[in-house]
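For reference, the structure discussed in these notes is given below.
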Amino acid sequence: METERRIITSCSAMTALFLFMTALMASSSIAATPTQSFEDNFNIMWSENHFTTSDDGEIWNLSLDNDTGCGFQTKHMYRFGWFSMKLKLVGGDSAGVVTAYYMCSENGAGPERDEIDFEFLGNRTGQPYIIQTNVYKNGTGNREMRHSLWFDPTKDYHTYSILWNNHQLVFFVDRVPIRVYKNSDKVPNNDFFPNQKPMYLFSSIWNADDWATRGGLEKTDWKKAPFVSSYKDFAVEGCRWKDPFPACVSTTTENWWDQYDAWHLSKTQKMDYAWVQRNLVVYDYCKDSERFPTLPWECSISPWA
């Protein structure tokens with residue numbers, strides 16, 4: 001989940017408001033029902049004493065202090081599906097703090113891992129959060145995009161979702177597609193699209209003040225600790241990987257998330273996606289010719305198909 005280029009800009013208030021209203025009016029057929037309790041779905045990865053729940057067990061909190069952060073992962077692996085969670089991010093001065101919500105084929109940063117990332121980059125009080133997304137295939141990432149948001153993600157819960165099938169990866173915020181990452185059989189060797197390895201879903205909070213905020217210029221203010229991110233309403237509709245004969249190797253399309261309508265954006269989603277591209281994109285590796293004099297193969301694939 002490293003990054004090499006840090007660029008931060010902001011969109012105008014009027015543009016953000018317009019997009020917000022557009023998103024509110026957008027319709028979508030995507031739906032998923034929250035599934036069971038935290039204990040049914042997840043294990044704590046480390047620092048259990050930095051994990052708390054609400055009295056009813058429906059809200060889960062991860063905290064970071066100057067000793068350690070905390071993280072959890074699903075008990076099961078999946079290959080393709082719809083994965084969704086509501087998050088409320090660290091409020092106030094969160095510079096240097098990263099909340100990560102991602103899928104990975106390994107429990108750790110292995111050299112051959114596949115990975116699909118949401119990373120929420122904290123900032124000084126009053127400055128906007130930035131969402132960074134990234135995609136890894138066989139240990140190679142460097143496919144960062146960054147977006148600003150049309151709301152304050154620290155004030156309330158918002159839904160962050162991943163649609164993953166063999167045709168596309170789509171990152172959603174409140175049902176609005178902010179990034180579309182396509183597969184293609186026209187690209188040689190397919191060294192860019194993660195479609196072979198099953199993945200766990202993870203979330204964690206950790207200190208990344210060497211790069212997360214203004215390229216590392218803004219450091220974490222530990223006087224403001226603990227920093228807390230909150231979660232609820234995890235939902236998954238995916239193919240659970242079960243050895244030795246996982247059903248996920250099948251090429252059938254019985255599930256909605258792997259049928260034709262899920263292979264591309266709907267007309268309404270394309271409208272929302274177009275507004276995001278025009279107004280909220282902060283950085284796109286496919287447009288960084290200084291970093292990539294020869295752009296990666298996948299940058300030539302249209303997200304609109």
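The backbone N, Cα and C atoms fix where each Cβ goes, glycine too.
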Original post:
Can you tell which of Glu119, Glu298 Swiss-Prot lists as binding xyloglucan with Gln132, Thr133, Asn134, Asn142, Arg143, Glu144, Asp210, Trp211, Gly215, Arg291?
Top reply: Glu119
Subject >> According to Swiss-Prot, the disulfide-paired cysteine of Cys239 among Cys248, Cys286 >> reply: Cys248
**OP:** Between Cys104, Cys286, work out which one Swiss-Prot annotates as bonded to Cys299 by a disulfide.
**Re:** Cys286
Original post:
Here are the glycosylation sites: Asn61, Asn66, Asn123, Asn138. Which has the lowest count of other Cβ atoms within 10 Å?
Top reply: Asn66
Original post:
Considering the disulfide-bonded residues Cys239, Cys248, Cys286, Cys299, which residue's Cβ sits among the greatest number of other Cβ atoms within 10 Å?
Top reply: Cys239
**OP:** Report, in whole Å, the straight Cα-to-Cα distance of Asp117 (site 'Important for catalytic activity') from Cys239 (disulfide bond).
**Re:** 19
Original post:
Which of these recorded positions has the least crowded Cβ, counting other Cβ atoms within 10 Å: Glu115, Asp117, Glu119?
Top reply: Glu119
Original post:
Across the domain 'GH16' (32-231), what does the pLDDT come to on average, as a whole number?
Top reply: 93
Subject >> When distances run from the Cα of Cys248 (disulfide bond) to each of the recorded positions Asn66, Glu119, Asn138, Cys299, the nearest one >> reply: Asn138
